[in-house]
Structure formats: C-alpha cells, structure tokens
Amino acid sequence: MHFSSSSTLFTCITLIPLVCLILHASLSDAQLTPTFYDNSCPNVSNIVRDTIVNELRSDPRIAASILRLHFHDCFVNGCDASILLDNTTSFRTEKDAFGNANSARGFPVIDRMKAAVESACPRTVSCADLLTIAAQQSVTLAGGPSWRVPLGRRDSLQAFLDLANANLPAPFFTLPQLKDSFRNVGLNRSSDLVALSGGHTFGKNQCRFIMDRLYNFSNTGLPDPTLNTTYLQTLRGLCPLNGNLSALVDFDLRTPTIFDNKYYVNLEEQKGLIQSDQELFSSPNATDTIPLVRSFANSTQTFFNAFVEAMDRMGNITPLTGTQGQIRLNCRVVNSNSLLHDMVEVVDFVSSM
C-alpha cells in the first residue's frame, strides 16, 4: 500500500473511530523479527558496534555494563527501555532501584549511540531495540557468540521503580529466590537461569555486594562456607574491613574481560564472586543446575548456544510492538507532544506496508 503522510493522517483523524481502532489493533500484533530494520535502517548494528568499539578504548568495562543494562531492562515490564528514563514529576526512574543505584552504568554511551542512529535513521529505531542490539554486540566484541537478535520493540511511556525493586535479582539471593525471580518474568527453564548468569563471565562488581560473604555470612560472624579458602583470602585482600566499598573486583578471576565459559569453571572450584552465582553449584537445591554448570564448563559452544537461546527468550518478555508505546527521540525522556508524534509514526508504519 502507498499513502502520503498527509492524506493518511487526515484519514485517521477524520474516519470513524472504529476504523482507526481496527487499524491500531492490526498494527499492535506485529511480531519481532531480525529483519525489522533491514530496509528502514540497515546500518543500525554497525553504528551500535562502532560506538561500543570507540568506548572500549577508554572503558574496558562498558561491554559488560551494557549487557547488564539490557538484563535489568527486560526484567522490569519487559524489554521496553524503561531503565533508560530519567526522573520526571510523573514517575521515579528505575535507575534509583536497589539493583541499579550506584551500579547501573553506560547511559551516556547509549545516548551517543542513539544520537548517531537518529542522524542516520530519524524516528526509526527504538531505544529498546537499540539496547538489545548493544547487548548482543557487547557480547560478540568480548569474544562471545554472534547472532541476529529479533527486533521490532517499542519504548515504554514511563518507568517502574517499584517493579524494579520487586523483580531484579539480588546478589545475596538463594537458588530458590533466583528461580522465583526468573519464573516471575516467564523464564522458567533452569537453562535460562544458568545460561544468563553466565553474563558474569566478564565485568566487575563492587566490594559492598560481597562484604557479608567475606566476613559475616548470614550474621554468623564467619565467611560463606561455600567460598574456596584461597579465593576468600584473595577477596579479603581486595575488600578489607573498613575499606572502600566501591572498590571493584573482577567477576571472573581467570579471563575478566573475555566472554567465555570460565565463569562456570570458577563455580566448580567454589570461586563464584557473589552468593547468587555460587548458589548455582553449591546450593542444596542445585540438582537441576549443577549438571548445566558442568556442561557449560566443559564446552564453550554448549554455553554459547544456551546463552543465545536464553537471551532471545529474555528479549521476548512482553515486548511493546506495532503502535504500542513509542519510538523515543531521546532515550532519557518520553517524547513531548507524544500523541501527535505517535500518530505520525502510525502513518509512517502504514505507508511502509
């Protein structure tokens, strides 16, 4: 079909409401597909990749940080870029949630990425898809698998602070708590939990999140008994009592900047950095996760295959599609005059059909 934007906009404004409602319903049923931007913004992945490559020169942590942003976005109302929104008078930002405050990072990189994409393809690529592509590219650039992610998401109109506080897994979670957290967002396979936890194969963590493990586990005055004793002494040297709680420690002591399967080798040796990681192998409830840890430790390709599958499943958690939500021009704020702007998006969407 071919319409001029002005004629279609006039038609949508003047036609009886039922016709526009039917149009809206049909567009809202759109499905995610890796080819979504093949015609409208074919270079989006290259733009994202180039932005990350430039940032890695000065910030080797950024790839892991972007992957974490995507994870924390998808666990709160689906992958809708709600984590990128700043505070407004209408809602509190998810950046202030317990799992994000003083730890979520990489927002300026996403800003630069979005500006570059907007310059090449105005009003086309959502922030939700941008963050999804950025997570995939970050993994690949760090030595992990390469795959084409399903696309076509749109951006939320608000943030969800309370939901972020309720949904984001904590570093002190037990295995049953982790399973509940994943199950609550539709990730009910043990392989989802174990494979996605492998995102901790690169990146860093702050001392504040492991102090109890090192010195006062479960208020016993003793360290976590599942910690390898040699590794315990190493961590205590990096995170001493009364030390800097913001000091950084590598998640993976073997290959801290490479996306590989060494995270699982560490778990087998009781060298998981945070409690929720080691729970996958050392919990009394780990009968279903231990075989997966061993399988991934034995085969990088087995881990990569499971990780890609789990990432696609996570990326498909209740996405906004079609005419739901909007395509933000600035990932930090909802578009002003959003009703008129979103109507223009509908016109553009129909005109491309």
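Cβ atoms are placed via backbone N, Cα and C, with glycine included.
The feature signal peptide is assigned by Swiss-Prot to 1-30, with experimental evidence given as support.
Per Swiss-Prot, the feature pyrrolidone carboxylic acid maps to Gln31; the stated evidence is experimental evidence. Every protein chain considered, the tally of other Cβ atoms within 10 Å of the Cβ of Gln31 (pyrrolidone carboxylic acid) stands at 11.
For the recorded site, Cys41 (disulfide bond), the DSSP three-state label reads coil. If you look up Swiss-Prot, you'll see Cys41-Cys121 (among others) marked as disulfide bond.
Under the heading N-linked glycosylation site, Swiss-Prot lists Asn43 (among others). Around Asn43 (N-linked glycosylation site), a 10 Å sphere centred on its CB holds 14 further CB atoms from the protein chains shown.
Per Swiss-Prot, the feature site 'Transition state stabilizer' maps to Arg68. Arg68 (site 'Transition state stabilizer') falls within a helical segment according to DSSP. Around the Cβ of Arg68 (site 'Transition state stabilizer'), 23 further Cβ atoms fall within 10 Å across all displayed protein chains.
Annotation for Asp80 (Ca(2+) 1 binding site): same-chain Cβ neighbours under 8 Å, separated by at least 6 residues, are Asp73, Ala128, Arg153, Arg154, Asp155, Ser156, Pro319, Leu320, Gly325. Residues annotated as Ca(2+) 1 binding site in Swiss-Prot: Asp73, Val76, Gly78, Asp80, Ser82, Glu94.
Close to Cys74 (disulfide bond) in the fold, though at least 6 residues off in sequence, lie Val185, Met314, Gly315, Ile317, each with a CB less than 8 Å from its CB. Swiss-Prot lists Cys74-Cys79 (among others) with the feature disulfide bond.
The N-linked glycosylation site annotation in Swiss-Prot covers Asn87 (among others). The Cβ of Asn87 (N-linked glycosylation site) lies under 8 Å from the Cβ of Thr93, Asp96, each on the same chain and at least six residues away in sequence.
According to DSSP, Cys127 (disulfide bond) is assigned to a helical segment. Listed in sequence order, Ala81, Leu84, Ile110, Lys114, Asp155, Ile327, Arg328, Cys331 are the same-chain residues at least 6 apart in sequence whose CB falls under 8 Å from the CB of Cys127 (disulfide bond). For Cys127-Cys331 (among others), the entry in Swiss-Prot reads disulfide bond.
Just so you know, the Cβ of Asn188 (N-linked glycosylation site) picks up 12 other Cβ atoms within 10 Å once every protein chain is counted. Under the heading N-linked glycosylation site, Swiss-Prot lists Asn188 (among others).
Neighbour list (His200 (heme b binding site), Cβ cut-off 8 Å, at least 6 residues apart, same chain): Phe251, Asp252, Tyr263, Leu273, Ile274, Asp277. In the three-state DSSP scheme, His200 (heme b binding site) falls into the helix class. Residues annotated as heme b binding site in Swiss-Prot: His200.
Around Cys239 (disulfide bond), the C-beta neighbours below 8 angstroms that are at least 6 residues distant in the chain are Cys207, Ile210, Met211, Leu214, Ala247, Val249. Taken from Swiss-Prot, the feature disulfide bond covers Cys207-Cys239 (among others).
According to Swiss-Prot, the N-linked glycosylation site annotation covers Asn216 (among others). Asn216 (N-linked glycosylation site) falls within neither a helix nor a strand when secondary structure is assigned with DSSP, and so counts as coil. The Cβ neighbour count for Asn216 (N-linked glycosylation site), using a 10 Å radius over every protein chain in view, is 14.
For Asn228 (among others), the entry in Swiss-Prot reads N-linked glycosylation site. In the three-state DSSP scheme, Asn228 (N-linked glycosylation site) falls into the coil class.
Every protein chain considered, the tally of other Cβ atoms within 10 Å of the Cβ of Asn244 (N-linked glycosylation site) stands at 12. The N-linked glycosylation site annotation in Swiss-Prot covers Asn244 (among others).
Residue environment of Asn285 (N-linked glycosylation site) contains 12 other Cβ atoms, counted within 10 Å of its Cβ in all protein chains. According to DSSP, Asn285 (N-linked glycosylation site) sits in a coil region rather than a helix or strand. Sequence annotations record features per position, and here Swiss-Prot assigns N-linked glycosylation site to Asn285 (among others).
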Given the Ca(2+) 1 site Asp73, Val76, Gly78, Asp80, Ser82, Glu94, its other Cβ neighbours within 8 Å of the Cβ centroid, in chain order, are His72, Cys74, Phe75, Asn77, Cys79, Ala81, Ile83, Ser156, Ala159, Phe160, Ala164
Integer Å value for the Cα distance linking Ser82 (Ca(2+) 1 binding site) with Arg68 (site 'Transition state stabilizer') is 14
Same chain, |i - j| six or more, Cβ under 8 Å of Gly78 (Ca(2+) 1 binding site); the result in sequence order is Ile317, Thr318, Pro319, Leu320
Rounded Cα distance in angstrom between Glu94 (Ca(2+) 1 binding site) and Asn43 (N-linked glycosylation site) is 30
Here the recorded positions are Cys79, Asn216, Asn228, Asn285, and the Cα closest to that of Asn244 (N-linked glycosylation site) is found at Asn216
Of the recorded positions Gln31, Asn188, Asn298, the one whose Cα sits nearest to the Cα of Val76 (Ca(2+) 1 binding site) is Asn188
For Cys79 (disulfide bond), the spatially nearest of the recorded positions Gln31, Asn228, Asn298, using Cα atoms, is Gln31
